[in-house]
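Below is one structure, written out as structure tokens; comments come after it.
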Amino acid sequence: MLDGMFSFVLLDTRNKTFIAARDPIGITPLYMGWGLDGSIWFASEMKALSDDCERFATFLPGHLYSSKRGELRRWYNPPWYSESIPSTPYDPLVLREAFEKVHLENFCIAVIKRLMTDVPFGVLLSGGLDSSLVAAVASRHLTEAKVAKQWGSQLHTFCIGLEGSPDLKAAREVADYLGTLHHEFHFTVQEGLDALGEVIYHIETYDVTTVRASTPMFLMSRKIKSLGVKMVLSGEGSDEIFGGYLYFHKAPSKEEFHHETCRKIKALHLYDCLRANKSTSAWGLEARVPFLDKNFIDIAMDIDPEWKMVRHDLGWIEKWVLRNAFDDEQNPYLPKHILYRQKEQFSDGVGYSWIGGLRAHAEEHVSIAMLSNAHNVYPENTPLTKEAYYYRTIFERFFPKNAARSTVPGGPSVACSTAKAVEWDEAWKKNPDPSGRAVLGVHVDAY
């Protein structure tokens, strides 16, 4: 099952016992519910449990439940999970081969493994580092994969954005460089606003940054599926592993840097993995994420975090270890300016006016009085902005139970940081916005 990337429930009909397990990182969703009659339910969507279960919760990644034991226990115990600080020196060739090469200690590696398919597929290409590397490696090795005999050796790539957005321009450059068959989709702010209800229904969260990013991904997935494509490779996970978000520029020490990457990986099932899976699955499209390959994570997380730190004196920007690993002068994977393009979060890269449009829309629907009274209306995980309040009202229409709202994470965030990392900079407490452009002095178009 592609190295444990799927969750499952197995029933033994002979003795009516069962076992349920979730994949290591939470790439595929799984929920567990309890009925008033003592029954136990499992589903990949929360909405499937809300009518029949009095209580339900997110099934934790890397855990399993056995009806014989009647308890949840963790089966996935990688070295990095303890958050102890690794000391392995950085070796760019080892990191590159873990992502690209066909065999390493008898395992198929991250990208190649995910080319095992018998359906039409492509790559989600935003023009950022991560998706561009996935496209570059897939393009190089597609001719060797069995799927090329059935669907051709030219890779399909897909991008979406508002007219003139940063991602559309960068993705087009990468596609031209790699020679892919590129599909460029456009959407308007109004089309995104019109889809918000449907998006929140499918992604089952009111988290601000997840809603912002899920909407264009949801719109793009519909168009991709209409072309007959059934599977896509995507670049999620790299920012968590390598500290790619712009707030990592302010990490006070390598220890804090590493602890934050561990926290981010452990929470992926609530954010980027949830978005990537549910935005695409809503249209019957499967998303595969090479950066979250178990073996690749183990190798990348074993690197001394001193090498991952942003070092302006050495010219090391965010994710320098990954960029450097694929900086091949003899046989370049990507144009240099793409390889060293500044991190642009998906909800920003699709067009800066997208977030502005969402905020303006929320301003029209949520009054100051409503926001002032939010702690009484929503005492749990109280929304702090009009935008967050607006998403919450939509979510509550679909999922009114306490159990549903408890599945969504909360707390302050800057540029997708955890609440703990907000403490790195006192100024962040005054501007708690999950957009990468909220990191003043780091993002070139910060607000």
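Including glycine, each Cβ sits where the backbone N, Cα and C put it.
What TrEMBL annotates here:
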- 1-70: domain 'Glutamine amidotransferase type-2' (DOMAIN)
- L124, I160, S234, G235: ATP binding site (BINDING)
- E236: site 'Important for beta-aspartyl-AMP intermediate formation' (SITE)
Largest CA-to-CA spread of ATP binders L124, I160, S234, G235, angstrom: 15
Shell of the ATP site beyond L124, I160, S234, G235, same chain only (C-beta within 8 angstroms of their C-beta centre): V123, L125, S126, S131, F158, C159, M217, M220, V232, A276, F346
Rounded Cα separation (Å) that holds between L124 (ATP binding site) and E236 (site 'Important for beta-aspartyl-AMP intermediate formation'): 10
Inter-residue C-alpha distance, I160 (ATP binding site) and E236 (site 'Important for beta-aspartyl-AMP intermediate formation') (nearest angstrom): 16
Integer mean pLDDT for the domain 'Glutamine amidotransferase type-2' (1-70): 91
